[in-house]
Amino acid sequence: MPREVITIQCGQCGNQIGEVFWNRLCTEHGINPDGTLRPEAYTFNDRKDVFFYQSDDEHYVPRAILLDTEPGVISHIRNGPIKELINPENVYIDSTGGGAGNIWTKGFQCGEAGFEKIVEIIDREADGADSLAGFSLTHSIAGGTGSGMGSFLLDRLSDRYPKALLQTYSVFPNTTADIIVQPYNSILTLQRLALCADAVVVLDNTALDRIITNHIPNELLTNPFEHVNSLVSTVMAASTSTLRLPGFMSNDLLSLVSSLVPTPRLHFLMSSYTPITSSSLNVKEHTKDQEAGSGAVAGAAAGATRRQVHTDSIVQLVKRLLHPTNGMVSCGRDGKYISLLNIVQGEAESNQLYKSLQQIKEGRDVKFIDWGPSNMQMALSKRSPFTNEAHKVSGLMLANHTAIRKIFDNINNTFTQLFSKRAYLQNYIDSMVTGGEPEILEQFTDAQAVCTSLSKEYEAAESKDYLEYIGM
């Protein structure tokens, strides 16, 4: 029986990623933009029900909830390619429609103000699941809505659905602040991710921007945000492929998370993907007329194609996944792996995976913790027959690695620089319903303590005495 996953898209970033994600899932499952099934998809042995349900008229509807504090992005989705796909009853926009102004407390308060309506949507969607596995939240931690309302949801969902897994795809900000108060928003959200979530896939904007720059020539770099959203949706689709297109391993959310998270606090995951292609980055194809009118663009497109990775070797695929340049987090690989899962899609055999696993383990490319087993797993997922891929195999790595603490340290350091001056606090104070300045100062202090503790725990995980450190 499929174990269903409900996707909650929160804020501008979360909804933009979600739109591309559903487009991709529809393609992989042979679902048309209006929710009907392509004739050739009726015989395809997959698990659509994990992420979709069938309405009374047999149209497929995403198990998706769209939340925002202003109408812009959701209005775009309602008028876009998947406008007939989304259930309009699963959309909530704050009644004021004014947005959160990049202030975490405003986003949180909007969540509280709309709690009854939001929880009604969530409960209705959960009641429609036969065997709910959990929730998947897409959001950014830097702005106001994805961070503030996202934090509110993390608080409430962990209390209301204690048996359901709470997993997130969380976009972390660039090291150089795009939003001047993003250190405040980030540390308050990181606290909730540490305390409430069961697994967090960290998607670091610095690394995402680097990948986009390295793989798309300037002439074809039309909209960086679209390319980033496409890359993130590729990671999301690949990470859920074993749930939707199952093989023998990690075919439900619980087994996927439990294979990667050995202790409750160590649940922040890195990801890598290869090969990076034009489809995974949403690089538009050029017609012959366009190429004739612009030789430079045509040449750039050819160059982009030449840089794509084509390999049949599973070992080489995994080695590429292990290389930091293919990672979605910009923290290097100094430290140790706690656990590692490689999901391979395409024309591969189980014995190839086993042999490559043994070969990688025998090499010196991967350093594992000393207090547990060398937890490196391989999962084979079949590929959708409805996608046209130039390469025979593709791979996604989900890894629990101690180097992730560098991301936490960076957030902590930038927060300290801003907070030590008490800079830009007034907007946070003004949007507090109760408590005012004393309460927001206490929240910041508590959040920083959690962030510091989280970094120290990942550092301790590099030691053979880690289990003693956590009292086991």
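Using the three backbone atoms N, Cα and C, a Cβ is placed for every residue, glycine included.
According to DSSP, Gly148 (GTP binding site) is assigned to a helical segment. The feature GTP binding site is assigned by Swiss-Prot to Ala142, Gly143, Gly144, Thr145, Gly146, Ser147, Gly148.
The Cβ of Thr145 (GTP binding site) lies under 8 Å from the Cβ of Cys10, Gly11, Gln12, Leu67, Asp68, Thr69, Glu70, Gly99, Ala100, Gly107, Cys110, His139, each of these being in the same chain and 6 or more residues away along the sequence.
Proximity of Gly143 (GTP binding site) to non-local residues of its own chain (separation of 6 or more, Cβ distance below 8 Å) is seen for Gly11, Gln12, Cys13, Ala100, Asn102, Gly107, Ile179, Gln182, Asn185, given in sequence order. Within 8 Å of the Cβ centroid of the GTP site, not counting the listed residues Ala142, Gly143, Gly144, Thr145, Gly146, Ser147, Gly148, the chain contributes Gly11, Ala100, Asn102, Trp104, Gly107, His139, Ser140, Ile141, Met149, Gly150, Asn185, Thr189.
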